[in-house]
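Engineer: Among the features that TrEMBL reports, compositional bias 'Basic and acidic residues' is placed at 437-448. Residues or ranges marked as compositional bias 'Low complexity' by TrEMBL: 501-519. The domain 'Mechanosensitive ion channel MscS' annotation in TrEMBL covers 198-264. As annotated by TrEMBL, region 'Disordered' applies to 392-417, 436-519. Look at TrEMBL and you will find 29-53, 73-91, 103-126, 176-199 tagged as transmembrane segment.
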Amino acid sequence: MSFVFSPTPEPSPTPDKAVKEVLETSLDIMAVLAASLVCIVALLAAAQVIGFLLRRWGRKHRLIKYMERRSRVGGSLTCIALGATIGWYWTVRDHNVPGYGTISHGLLILMIIAVTVWLIELCAVLEDMTRTQLEGGSKPNRLVTQAQVMHRVSQVFFGVFGAISIALTFPEARAAMGSVLASAGIISLIAGIAAQGVLANMFAGLQIAFSDPIRVGDVVVVQGQQGTIEEITLTYIVIHLWDERRLILPSKKFTEEPFENWTKRDTHLLGVVELRVDWRLPLAAFRNEVDRLLSETDLWDGRTSSVQVTDSSVETMLVRLVASAANSGDLWDLKCYLRERLIEWIEKEAPYALPRRRIETDKVTEVHLPVDEIEIEKQARELAIATIRKTNSSRHAAATKKQATEAAPTSPYGEPLLDQYARKIQEKRRSWRFKARRLDETHNEKPEQLPPSRDALQDTRVLSTTATITGDRLYSGTPDAEERRKLVTGPKQSEEKTTADSDTATADPTTPPSEETQK
């Protein structure tokens, strides 16, 4: 007879015990939430008090003012994450709570994210500080450009640093990081090849920030487009065009290709207005009209103005007017103003100076002679030609004989050099007389002029020769022109001139030169 013993079954939990466990778990969760909420409220209240004190202190210090303004969102997130973490650890410090590791890991990640956001927002404080100093000078513009680039660089740095910090909280990521660091050389090579364009733009942005070829607010001409530098980032540059468009170019465009910067050193510019007119344009009256137009406009800054004839063709000549303005906008309006007013003046006061094409026809008179007279004239012409040839042959023979007997040098054609030189001088004199006579005849021709209208007589102003401000020179005559002349003189000539002036100033005319100087 055998007995089978079965294990004694455990008693099932009573309803009272299950309810008790549920209540204990609920009380633990409620305690954690209450502790976390109290810590969050306390930290936020402390943050508000600190912010109030910083705002009052920031009235005297701009740095503290901008730091408080940039810390509102990031600081609040950090207070919430820190309060939740403190409440959690304070409540469960003496209890074995299931899921403790997972919740603690999540709170740590939340804390890292909040601190990273706070640091990224604080990166803009430097740019805010430099923008307040933008008062139109060159140095503040350069600081703003560098602050923008440093802002982007620091944002990227803290973003990458936060991502790496979150990844290192996982044990598997820490193990993988060791293998990644072991093969860092190969990975960096592959990443460099894959992101070659991005890295090139980043390094170009850093180069632009610290080499200072352009600044925020500079007027540039890139790819035939004129605009103002509006924003400089680490990888691209935003240009505000004159027609309210935005041209976005990669940073390496400004380090690898040429461009124009109109405000690198100064905003003052020179503009050119060219007009094709007839040779009969009265230049003196034209210069007086330019003086009158410049004196009546506020677009001209009073530095430079000149009128010169820079080119001429068979039919017209090119009159080049140069004027200066304070900036590129005033220069554009000044050029259009001068071009319009001068065209109107030529049409009213000197219409004969408008470009025109001249055609001159020669009148040929035909003479009809009888056949006998034509034959006689032909024979007479042939006889004259034969006589001339005979005379030339005899002269050539005599010259050859004379060349053999005389020691005087002769030309290869048998004529003595002295006689040949005298003959050429005489021919040149005849040519000069003919040209002078032709010029006198041309000078006596008077140009076609129309009588001035009554309105033109009322608007006419008499300008003395001493009151003329527009000259016929661009590189001399005024202080500004002399400065331009120094730019085109060249370093070698400038150094030689300076050395000669210093030697002349230091030399004593009463002291005889020494032996070394004479040598």
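In case you wondered, yes, glycine gets a Cβ from its N, Cα and C as well.
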Engineer: List, by number or range, the same-chain residues at least 6 past the transmembrane segment (103-126) whose CB is under 8 A from its CB atoms?
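Structural biologist: The answer is 63, 66-67, 70-71, 73-75, 77-78, 80-82, 84-85, 88-89, 147, 150-151, 154-155, 158-159, 161-162, 165-166, 169.
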Engineer: Helix, strand, coil: count each for the residues of the domain 'Mechanosensitive ion channel MscS' (198-264), based on DSSP.
Structural biologist: 18 helix, 25 strand, 24 coil
Engineer: Which bits of the chain, at least 6 residues beyond where the transmembrane segment (73-91) starts or stops, bring a Cβ under 8 A of a Cβ in it?
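Structural biologist: Result: 28, 31-44, 46-47, 51, 103-104, 107-108, 110-111, 113-115, 117-122.
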Engineer: Average the pLDDT scores across the domain 'Mechanosensitive ion channel MscS' (198-264) and report the rounded value.
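Structural biologist: That region's mean pLDDT is 87.
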